[in-house]
Every structure is written in structure tokens, then in C-alpha cells.
Amino acid sequence: MEIKKVNLFFPIFIFGYIFLNVAIALIERALISMGVIGKMTSAVLFIQNELVIVIMLLGFCLITKTGIKDLRFKMLGIKEIILSIIIGYLIIPMSLFLTNITSLFVENAAQQTVSEVSTYPLIIQIILIAVMPAIVEEFTFRGLYYGTYRKIKRYFQAMLLSAILFGFFHMNFDQFVYATFMGVVFAKLTEATGSILSSMCAHFAFNTFSVTVSYFSSANASALQEASQQTSTDSSVGGVTLLGLALLLVLGMLFLGLVLLIIEYLEKSRIKRETGEQIASNCENVSQDEKKERLITLPLVLGMIVCFVYMVFVAVAA
């Protein structure tokens, strides 16, 4: 029953996200034209987007009486936090590889997002791009969606489906691919530690990388442009040489192996740390009806179709 509720929420969430942002934008435009307010800054728009998600998530939790414990948020030790941050950095090479492959076909939406706040101080950029999305999106996709799907004990299916929804939520093909990859890793990390705080830390670390690289590279834009021109040869793909792509793939696979080892270590540490009562509660029996419950329902498919159509529209419009 819980799965049906969160699946029904997904198209509402997507429609609401699009509708509320459009409605707010129209209201802001009307107020600007009347001289009531000035032009909205990029920072305000970023905060607005996250607030829309928070409002809808809180609304769902209040209606369904979902508590913070149901979203699997609990504090972790320093060791778990540090290792989670390391995982966030270790998945960067594979994500860069996937991004460079998708950039052959579609525009790099992630880079465009970072560039929109590039004029702000670094700390503001980190808050807008790394802190807020890490908290809000992890509560939504690893807390609500994966936290609900995992209850029927089909863990891999739960990880994959919640990751796909996370990818669709970005609503562009470029971010869909690497966000889905990230979503699987973050769900596995959450499962290992028992808390979405770990995926928040990893998500934060990942997003911080793109922000800091963009911030410091903007100071050397001319040098980067010259280097880019020198590497723009017939042997390049999406601005990265074939050798560079190969290195990213090799590094990505090696680092992904390290990620799996760290996650395995975190899971063993959690099991060792937990009391017998806690382990029993984590391994509680699932009824036959719950085991037979389908993860994919019609409302969920409808939500994914809406996202896909929107993604096609964005790709064509670009």
C-alpha cells in the first residue's frame, strides 16, 4: 500500500514541480512589470526550486503521517561521514565519462546550471549547488522512494527504480544518465549505513567538485580556452580526447571498485555495531502479499512519461 502511495505521489510531484515553478515565475514577471519587485537573481530562483520540492514533500509526509524515521535519517559517526564524502569524490571519474558520452548528443545541462551562479562567492555557490540539493533530494529519493521500495526486500530493484526516478527528476537527458548512476550508488550507500545522512554527504561532495572546479577555472578562462582549442582535434569527443575518455573509464572502474569495498566495509561496521534487537528489526519478515506487491504502477509510469516528454522537448528546444 505504501508503494502505491509514493508512486501516486510521483506524477503529482512532477506536475506540481513544473506547475508551481511556472506559476511563481509568471507572478514574479507580473510583479516586476508593475515595478513592485526587481528582477529575480539566480540565487533566488535556486532557492525557489528547492522550496517547491520541500513544500510538496512535507505535504505528502503530513497527509500520509510519514515521520523522519520513516525517511531513514539518523546521525552517523565521523568515520562514516568521512568515508561517505570520499565515495562522493570517487564516483566523479565515472560520472564525467558518462557526461562526456551524453554530450555527444545533448547539451551539458549540469555545466549550464553551475554557470548560472558563477558570479557569486564560492561559499554561496556551494550552498546553492551542493548543500541544498544534497539535503532536499536525498530526503526525497533515498529517504522517501528508496526507503519505501526497500521494505519488500527486493533491494536491487528498489535501488534501480529509485535511481531512475532520481534521473528523471532532473528532466534532461544529460543529467538523467549520470544521476541514475549516482542514484544507485547513493541507495547502496544508504542501505549500508542505514541512514540517508551518508548519501547526503556523498551528494554534497560530488556537487562541491563541479562548483569548485568551475569557480577556480573561471579565473583562468583564457588559458582554458587556449588549451581547449589545442585539444579540439579529430580524435576528440565532446571536447575530451579519446585517450581522455579511455582514462576516465579506467579510473571510473577502478574507483567504483573502491566504492564497493568502502560500502561493504560500512555495512559490516553497521551490522557489528547494531544490537541484536536492531538487527532483528532490520531483518523483519515480510508478508507474502508485500513480497508480491509491484514496484511499478500506472501512476508511476505516467510520471515517467511526463518527464520523458519534457526531456525530449528540452533537447529539441536546445
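Placed from the backbone N, Cα and C atoms, the Cβ positions cover glycine too.
The predicted model assigns the domain 'CAAX prenyl protease 2/Lysostaphin resistance protein A-like' (122-209) a mean pLDDT of 95. TrEMBL lists 122-209 with the feature domain 'CAAX prenyl protease 2/Lysostaphin resistance protein A-like'.
Annotated transmembrane segment per TrEMBL: 12-37 (among others), in sequence order.
Residues annotated as transmembrane segment in TrEMBL: 43-64 (among others). If you look at the transmembrane segment (43-64), the same-chain residues 6 or more away from its ends with a CB under 8 A from one of its CBs are 5, 9, 12-13, 16-17, 20-21, 24, 71, 116-117, 120, 124, 128-129, 132-133, 136-137, 139-140, 144.
Annotation source TrEMBL lists transmembrane segment at 76-98 (among others).
Here TrEMBL flags 118-136 (among others) as transmembrane segment. Same-chain residues lying 6+ beyond the ends of the transmembrane segment (118-136) with a Cβ under 8 Å from its Cβ atoms: 42-43, 46-47, 50, 53-54, 57, 200-201, 203-204, 207-208, 210-212, 214-215, 218.
Under the heading transmembrane segment, TrEMBL lists 156-173 (among others).
Under the heading transmembrane segment, TrEMBL lists 242-263 (among others).
The transmembrane segment feature in TrEMBL is assigned to 295-317 (among others).
Most Cβ pairs under 8 Å with the transmembrane segment (295-317) belong to 156-173, among the candidate stretches 76-98, 156-173, 242-263. Outside the transmembrane segment (242-263), and at least 6 residues removed from its termini, the chain residues within Cβ reach (under 8 Å) are 83, 86-87, 90-97, 100-101, 185, 188-189, 192, 235-236. Listed as Cβ neighbours of the transmembrane segment (76-98) (distance under 8 Å, sequence separation of 6 or more from its ends, same chain) are residues 177-178, 181-182, 185, 189, 193, 195, 197-199, 201-206, 208-209, 245, 248-249, 251-253, 255-256, 258-259, 262-263, 265-266, 269. Mapped onto DSSP classes, the domain 'CAAX prenyl protease 2/Lysostaphin resistance protein A-like' (122-209) shows 81 helix, 0 strand, 7 coil.
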